[in-house]
Amino acid sequence: MTKMIVKGLEIGVGAPKIIVPVVGKTEQALLEEIEFLTGIDFDILEWRVDHFDEVADIDSVKQMAGKIHAIIGHKPILFTFRTANEGGVYPASIEFYINLNKQMIMSGLIDFVDIEVFTGDEYVKEIVALAHQHQVLVIASNHDFDKTPAKDEIVLRLRKMQDLGADIPKIAVMPRSREDVITLLAATAEMKDKYAKKPLITMSMAGKGAISRVAGETFGSDFTFGAAKNASAPGQLDVKELRYILNVLHRSLA
Ligand SMILES: O=C1C[C@@](O)(C(=O)O)C[C@@H](O)[C@@H]1O
């Protein structure tokens with residue numbers, strides 16, 4: 001598997017890297033969240049822009065991204081507009097979604113962009129091509145807040161993301177039972193061992209799935225999402241406790 005280095009962060013080796021989301025609705029709320037993060041040990045910042053009140057105005061989004069970058073740009077920044085279909089909070093047209101992502105890819109202010117794989121193959125390929133021209137890495141994603149698909153289906157989706165050229169395939173699914181958590185972990189291990197050419201992100205959500213957010217080094221997820229001031233999805237652990245657990249597990253595996 002190819003290792004990646006982004007702003008000095010080595011991805012694809014060792015303990016999973018911690019991504020922390022910020023979900024503020026206003027500039028002030030976002031700046032408070034980011035100030036808070038300056039005292040915290042994490043690896044990548046995710047701006048969940050679908051929560052931002054001014055998301056419809058691309059100039060405001062760029063200005064806000066500039067302010068975020070000025071404070072925390074020494075760390076990698078992931079730009080995510082999560083659509084309402086997959087757990088986001090702002091209903092948007094596909095044209096809006098694609099344009100927003102393209103503009104931000106070209107802004108020079110982000111290191112990673114999240115594109116949902118079910119946006120459509122052609123759109124995903126277009127975003128990947130543009131992102132790679134601008135040295136932005138693409139996380140292709142899929143979220144099921146209702147259930148956990150079968151293992152083969154999870155693997156198929158992750159492979160599809162990889163085949164479309166994404167740098168990092170990601171899937172988040174909701175468990176209805178402990179067997180579902182095992183299904184997600186088994187799919188992760190199968191993808192990692194048989195097919196993955198690139199780093200992966202997988203998680204089983206909510207409290208039942210929280211074990212999957214610490215088990216990445218064993219099963220094959222290279223990143224995990226942790227919460228600082230606010231969580232962006234059910235089951236995210238506190239970032240300090242998360243780092244502690246990841247380090248404990250890393251030492252036992254070393
Ligand atoms: O895709 C993901 C994963 C996530 O849904 C989680 O379950 O931690 C949190 C989101 O902010 C992020 O964009």
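Quick reminder: no glycine exception, Cβ is built from N, Cα and C everywhere.
Of the residues proposed, ARG178, ARG213, ARG251, the one TrEMBL records at the same 3-dehydroquinate site as GLU46, TRP47, ARG48, ARG82, SER232, GLN236 is ARG213.
Between the recorded positions HIS143, LYS170, ARG213, the minimum number of other C-beta atoms within 10 Å of a residue's C-beta occurs at HIS143. For ligand 1, the binding-site residues lying close by, meaning a CB under 6 A from one of its atoms, are SER232; the full candidate list was TRP47, ARG213, SER232. The 10 Å shell around the Cβ of SER232 (3-dehydroquinate binding site) contains 21 further Cβ atoms across the protein chains shown.
Spanning the residues GLU46, TRP47, ARG48, ARG82, ARG213, SER232, GLN236 that the record associates with binding 3-dehydroquinate, the maximal Cα-Cα distance equals 20 Å.
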